[in-house]
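Participant: After the structure tokens below, expect a handful of questions from me.
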Amino acid sequence: MLVVVTLIQTERAESHDEFSCEPIGLRMCQDLPYNTTFMPNLLNHYDQQTAALAMEPFHPMVNLQCSPDMRMFLCALYAPVCTEYGRVSLPCRGLCRRSQSDCRGLMEMFGLAWPDEMDCSRFPECEEAYPRQEDLLTTSDDAADQASMTVQRDYGFWCPRELKVDPELGYSFLGRRDCSAPCPSMFFSRQELSAARYAIGGVSIVCLSATLFTFLTFLIDVTRFRYPERPIIFYAVCYVMVSLVFFLGFLLEDRVACNAASPAHFRAATITQGSHNKICTLFFMVLYFFTMAGNVWWVILTVTWFLAAVPKWGSEAIEKKALLFHACAWGLPGALTVTLLALNKIEGDGVSGVCFVGLYDVDALRWFVLAPLCLNVAVGVSLLLVGIVALNRVRMEIPLEKENQTKLVKFMIRIGVFSVLYLVPLLTVIGCHLYEHAYRRAWETTWVRRRCRSYHIPCPYKVEDSHEPALVLFLIKYLMMLVVGVPSVFWVGSKKTCFEWASFLHGNKRKDSGVNESRQVLQEQPDLAQSLLRDPNTPIIRKSRGTSTQGTSTHASSTQLAVLDDPDEPIRPHPSLPASSRSKPSSLHSKVSYHGSLNRSRDNR
């Protein structure tokens, strides 16, 4: 019996914020030996209104008098006698068994089953009448005054009837199982959400247009964007998919992120959770996978710039690592996506109409959104700064013509501007996630306090401050998630792009001679970089392409980075060079290794 009493007291402690005796208002339980009860009752009904609704199926049993014990047994559970605080009086197991045995046939006739929470094994083995004599003795004036004292405690969130869902779905909300958040949003009104969705839809169209233009420009001339700038193309492809999902969420409104109210499954519209909704699962997979993949491709872009600027790798050397780049860019986000699917962490977003992760689960937000984004930013910014410093050292230490100096500075500015255009929106998104992570609990507590009376659930006790989220915070987060893909269009914005699109739209196909000529220019570019870095009085050593002898390397210099970046205006070699010395490809590792190889070559001669 002690175990059962402890269990009941624990259940009460988890569901109610105060203890006080109150007059019995249930119609079935009038004219009993006692007239006061307490809530929540032994079946965890928070108030008498909820208990009355739960008792309705048993009214025919009592009216037809299937058992003389049925009415008292039901009242002992739904409206138990009120005693002093901390003491619970349970009905005897014999009272339960007699009621169940006498009314089984009539319940089967009405299609009713004996509830699991009324299982007779939960009650103590005894044969006493209810209420017991000691329960009635506590109704003296002193005991009544003591029992009527309000004892307030904070027992957490209690899921309202309107938000309860089928246990088979595996939903949870605010730590309670078989519960889901209201849809479309628990914080904002319909009018606010409508304005936000139109803004998200408009920006998604802009992002989709910019990234799609970048990808189509690449398809017109696939030989134009080589490493180290090739990752920008894959980065643009990722945000084509991200913007497309947000645009579809704008068109579909609540049909994906919300479960529509239905008598069979959902009493009210609730947020979709888990993978039972196939379209929501698909939206989540595409959005999360390509969001993370886009961030990884930006990190790979900084890696390729680092390899070109510091160890001075050429396009061919970097391209040999393309398989590794693709494995990281698609494999890591894929592993995270599969992990979230296995953990069933998918959540509908009532603001944007899509499905993502970490919208209600703070732990998932911390480990699957914030942690990857912060790690990518830390690695990418570190490599980017090292690469820019190396390029600036090349510009300061190696004598170049004024025109070539200008081209290298221009390329460095393009890298800096592109990185700023990417990092500012991404850091804003991270800031919004951090703010949401810090104040999510306070927002939820404020929401519970405002809605507890209408939902007939416990109200939070001793809430000092009220925190409500601002819609502009969520709006900025979504807009920056889309704006972060727009900078890709600035990298392809040049006169050459205009000429290529004009030629494509007029139906002028590229001739094979043109392709061969472009390939020849790419093959000759290492010689151009070599001519820039060499001593004007030193002859050029010619070697076959792809070989390395006498201390030289197949890696190009940092200046080649600028050459590949602006093919419209190639860097011009020194005027003193003969034409024949600029016609064949060669390779260069760095200024020191190059001059060292020249000296060794003259000594060998």
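Residue 1 is the first one shown; counting continues down the chain.
Just so you know, glycine gets a Cβ as well, placed from its N, Cα and C.
Relevant sequence annotations retrieved from TrEMBL are reproduced here:
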type     : residues     : note
DOMAIN   : 16-129       : domain 'FZ'
DISULFID : Cys21-Cys82  : disulfide bond
DISULFID : Cys29-Cys75  : disulfide bond
DISULFID : Cys96-Cys120 : disulfide bond
DOMAIN   : 193-500      : domain 'G-protein coupled receptors family 2 profile 2'
TRANSMEM : 198-220      : transmembrane segment
TRANSMEM : 232-252      : transmembrane segment
TRANSMEM : 282-310      : transmembrane segment
TRANSMEM : 322-344      : transmembrane segment
TRANSMEM : 364-391      : transmembrane segment
TRANSMEM : 411-431      : transmembrane segment
TRANSMEM : 470-492      : transmembrane segment
REGION   : 525-605      : region 'Disordered'
COMPBIAS : 577-593      : compositional bias 'Low complexity'
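Structural setting of the listed features?
Facilitator: Residue counts of the domain 'FZ' (16-129) by helix, strand and coil are 51 helix, 9 strand, 54 coil (DSSP-based).
For Cys29 (disulfide bond), the Cβ neighbour count at a 10 Å cut-off comes to 23, with all displayed protein chains included.
When averaged over the domain 'G-protein coupled receptors family 2 profile 2' (193-500), pLDDT in the model lands at 90.
Counting only same-chain residues 6+ beyond the ends of the transmembrane segment (232-252), those with a CB under 8 A from a CB of the stretch are 197-198, 200-201, 204-205, 207-208, 211-212, 214-215, 218, 225, 283, 286-287, 290-291, 293-294, 297-298, 301, 329, 349, 352-354, 478, 481-482, 484-485, 488-489, 491.
Listed by sequence, the residues of this chain that lie at least six past the ends of the transmembrane segment (322-344) yet keep a Cβ under 8 A from its Cβ atoms are 170, 227, 230-231, 234, 273-275, 281, 284-285, 288-293, 296-297, 300, 303-304, 357, 364, 368, 372.
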Participant: What is the separation, in Å, between the Cα atoms of Cys96 (disulfide bond) and Cys82 (disulfide bond)?
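Facilitator: That comes out at 20 Å between the alpha carbons.
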Participant: Sequence-remote contacts (6 or more beyond its ends) of the transmembrane segment (198-220), Cβ cut-off under 8 Å?
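Facilitator: Distal contacts: 232-233, 236-237, 239-240, 242-244, 246-247, 249-251, 352, 475, 478-479, 482-483, 485-486, 488-489, 491-492, 497, 500-501, 504.
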Participant: Between the Cα atoms of Cys82 (disulfide bond) and Cys29 (disulfide bond), what distance do you get, rounded to the nearest Å?
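Facilitator: Checking the Cα atoms of Cys82 (disulfide bond) and Cys29 (disulfide bond) gives a distance of 14 Å.
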Participant: How many neighbouring Cβ atoms, not counting its own, are there within 10 Å of the Cβ of Cys82 (disulfide bond)?
Facilitator: 28
Participant: Cα distance, Cys75 (disulfide bond) to Cys21 (disulfide bond), nearest Å?
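Facilitator: Rounded to the nearest whole number, the Cα-Cα distance is 15 Å.
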Participant: Fill in the CA-CA distance, Cys75 (disulfide bond) to Cys120 (disulfide bond), as an integer in Å.
Facilitator: 15
Participant: Out of Cys21, Cys75, Cys96, Cys120, give me whichever of these disulfide-bonded residues has the highest number of other Cβ atoms within 10 Å.
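Facilitator: Selected residue: Cys75.
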Participant: Distance check, please: Cα of Cys120 (disulfide bond) against Cα of Cys29 (disulfide bond), rounded to an integer number of angstrom.
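Facilitator: Between the Cα atoms of Cys120 (disulfide bond) and Cys29 (disulfide bond), the distance comes to 21 Å.
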